[in-house]
Amino acid sequence: MGIYSLSYKNLRRNRMRNLSTLMRITFGVIVLTILLSSGIGLNSTVKQVENLTGDVIPHNASNQNTNAVEIVLNSARETVNSVFGTQFTSSEFSKNVANILMNLIYLLDFIASLVFLVGLFGIWNAMNLNMLERKREFGLLKVMGFTENQIILSTILEAGILGLIGAVVGTIMGVGGVTFASQVLNFNQLSVLVPWYLPLGIILITTLLSMLLAFYPAWYGCRQDVSNSLRYE
């Protein structure tokens with residue numbers, strides 16, 4: 001039995017726990033994709049607002065989008081001035097909106113980081129439980145001739161497969177949600193919300209971190225004495 005067949009066997013044997021781990025990873029990646037794409041979209045809007053205030057020089061900005069933002073800002077400014085009796089100029093109102101959007105971007109990034117960490121903790125917790133249940137199995141594998149490196153690599157491969165599947169499914173669903181929302185909001189520049197590097201980056205980082213988080217539990221489990229492992233129930 002090789003490393004790949006060993007990993008495949010363990011993935012099939014622990015279906016329910018692996019399914020639970022996949023669901024946590026997928027949910028985390030979905031939320032992460034939506035939040036990051038929203039932050040990218042807000043950042044693009046902030047740049048267009050700054051263009052209107054003259055704080056920055058436009059670089060390849062879309063005139064259509066900039067004009068649309070200007071119309072919305074003017075309408076919002078007139079409403080605010082009318083309701084609250086303020087006298088915001090166009091420049092002052094645009095700067096205030098830009099500051100609010102930047103703070104919202106920071107908040108979205110913070111929430112996205114928390115969601116991502118929760119997903120990674122789910123992987124780490126699942127691998128720890130897996131190692132406890134497989135303590136006796138590790139002892140048997142050593143007796144059968146498997147080296148510690150082979151056992152560790154098979155465990156890391158399992159985590160990598162779970163992370164990859166969860167990341168791919170979550171990214172597809174997240175991008176689908178962003179696409180649907182952009183169509184509902186009549187936002188035609190999907191490439192602004194979901195640049196090509198965003199899905200690839202999320203999939204790559206999730207897979208690599210999943211493998212990294214599985215290393216220590218696997219290493220610790222393999223370092224246990226064979227006789228103690230075989231007596232473990």
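Quick reminder: no glycine exception, Cβ is built from N, Cα and C everywhere.
What TrEMBL lists as transmembrane segment is 21-42, 104-126, 151-176, 196-219. If you look up TrEMBL, you'll see 110-224 marked as domain 'ABC3 transporter permease C-terminal'.
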Among 21-42, 151-176, 196-219, the most Cβ pairs under 8 Å with the transmembrane segment (104-126) come from 21-42
Long-range environment of the transmembrane segment (151-176) - Cβ separation under 8 angstroms, sequence gap at least 6: 3-4, 6-7, 10-11, 18, 21-22, 24-34, 37, 119, 123, 126-127, 130-131, 138, 141-142, 194, 199, 202-203, 206-211, 213-215, 217-219, 221-222
Could you pull out which residues elsewhere in the chain have a CB under 8 Å from any CB of the transmembrane segment (196-219), counting only those six or more residues past its ends? 25, 29, 32-33, 36-37, 40, 119-120, 123-124, 127-128, 130-131, 148, 151-152, 155-160, 162-164, 166-168, 170-171, 175
What is the average pLDDT across the domain 'ABC3 transporter permease C-terminal' (110-224)? 80
